[in-house]
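*Asks:* I grabbed these lines from TrEMBL:
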DOMAIN    9-236  domain 'ATP-grasp'
BINDING   50, 57, 58, 59, 103, 106, 116  ATP binding site
BINDING   208, 222  Mg(2+) binding site
BINDING   273, 330, 331, 332  substrate binding site
Ligand code: GDP
Ligand code: MN
């Protein structure tokens with residue numbers, strides 16, 4: 001689960017990760033009071049107005065603005081709140097801005113120039129470890145740094161059973177060239193960030209930029225956190241941070257019906273029991289000349305209710321030209337699934353696209369018979385190759 005920058009920073013603060021002072025605006029009527037509050041907390045007229053959306057690159061898209069005073073901050077807030085923000089990560093349609101974060105300006109002048117670093121902690125599935133990634137090339141696209149100058153990214157792997165060791169935090173801070181006060185703060189920062197990461201069951205915490213201010217403080221100027229969905233049950237406070245307006249509406253609806261659904265860009269919808277079979281079915285669709293419109297695992301008990309919910313979600317996607325249902329009857333019997341399909345079909349009414357149902361396993365023949373005798377626009381197949389050919393036929 002993704003959360004907003006301001007929510008991520010509220011987690012970081014609990015663990016002692018230094019962040020700029022800031023508050024959120026949800027509607028324009030709050031803007032004046034909040035801006036004044038940030039100004040008085042920071043002792044500076046200058047504030048930064050930041051769009052809160054679940055996508056990075058906001059700076060490039062015009063979603064992060066430095067205001068010199070209250071008047072200008074109000075103007076930026078007025079412009080950005082409600083705008084359709086397009087960044088390199090949102091796609092052309094952009095994302096609507098529902099919230100703003102107003103923060104103190106931490107790029108104030110001083111003895112040294114402020115310096116931007118990159119600091120990320122993530123799960124490395126290949127080594128089953130946690131990896132800290134850091135770079136002196138912060139503030140910009142880390143993917144680009146990784147591609148063009150990979151030597152500028154340092155990595156430190158942490159065994160989760162042992163946890164982050166003092167020498168490791170120091171090694172990373174040294175690699176960034178931190179010295180004196182900023183070295184001390186940097187080590188503390190890395191420790192606190194690691195604790196925030198592990199305690200909240202995050203899969204990624206990314207601070208870009210991690211800022212060294214002109215007076216050598218180390219701050220999280222930006223924050224992106226991904227939380228492990230499977231661990232949310234033990235973090236009621238974090239689960240509440242979910243913002244469904246930022247998620248794909250199809251996926252939100254699917255989650256409510258307990259379906260594992262991921263929206264894709266293709267034209268053949270599919271409904272399958274079991275994630276592995278769903279992946280194989282997507283391959284079959286591709287091999288038949290179609291493109292999968294979704295991933296959908298209805299789980300073990302493909303009953304009429306889940307089948308109907310699956311149908312409804314798939315049919316909301318106007319790109320869908322055909323639907324392939326692929327069910328292996330292991331625990332669930334194929335004749336039951338077939339009845340479910342027919343029932344769901346009748347409940348929904350006229351389904352405008354052809355449906356191919358492939359049932360294999362217990363009572364497969366009976367299932368196929370029920371489909372064939374239903375009189376509906378549904379074709380049955382028992383062998384997967386047969387199903388693939390039928391998809392090919394309707395796609396032609
Ligand atoms: P992103 O573009 O979505 O990653 O958003 P960031 O929070 O990283 O902001 C983008 C850029 O805005 C940063 O790289 C900074 O250069 C700049 N920025 C962020 N906070 C401040 C601030 O307090 N003062 C100034 N002057 N610039 C800031
Ligand atoms: Mn950033």
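Every residue, even glycine, has its Cβ placed from backbone N, Cα and C.
As the structure is a computational prediction, the values presented were derived from the model and not from experiment.
Surface or core, plus neighbours and distances: that's what I need for these features.
*Replies:* On its own chain, residue 59 (ATP binding site) has no residue at least 6 apart in sequence with a Cβ closer than 8 Å to its own Cβ. In the three-state DSSP scheme, residue 59 (ATP binding site) falls into the helix class.
Taking all protein chains in view, 24 other C-beta atoms sit within 10 angstroms of the C-beta of residue 222 (Mg(2+) binding site).
Here the Cβ of residue 332 (substrate binding site) has 22 other Cβ atoms within 10 Å, regardless of which shown protein chain they belong to.
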*Asks:* Determine, using Cα-Cα distances only, which of these binding-site residues is closest to residue 57 (ATP binding site): 208, 330, 332.
*Replies:* 208
*Asks:* Near ligand 2, meaning Cβ under 6 Å from any of its atoms: which of the binding-site residues 59, 103, 208, 222, 273 fit that description?
*Replies:* 208, 222
*Asks:* Please list, in sequence order, the residues in the chain of residue 50 (ATP binding site) that are at least six apart in sequence and whose C-beta is under 8 Å away from its C-beta.
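*Replies:* Once residues fewer than 6 apart are set aside, residue 50 (ATP binding site) is near 5, 58, 63, 64, 65, 100, 101, 102, 103.
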*Asks:* Could you measure between residue 222 (Mg(2+) binding site) and residue 106 (ATP binding site) for me? Cα positions, answer in whole angstrom.
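*Replies:* Given the Cα positions, residue 222 (Mg(2+) binding site) is 11 Å from residue 106 (ATP binding site).
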*Asks:* Using CB under 6 Å from any atom of ligand 1, narrow the binding-site residues 273, 330, 331, 332 to the ones that qualify.
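*Replies:* Near ligand 1: none of them.
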*Asks:* Neighbour count, 10 Å Cβ-Cβ cut-off, for residue 103 (ATP binding site): what number do you get?
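*Replies:* Its Cβ shell of radius 10 Å holds 24 other Cβ atoms.
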*Asks:* Cα of residue 331 (substrate binding site) to Cα of residue 116 (ATP binding site): how many Å, rounded?
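*Replies:* The Cα atom of residue 331 (substrate binding site) is 56 Å away from the Cα atom of residue 116 (ATP binding site).
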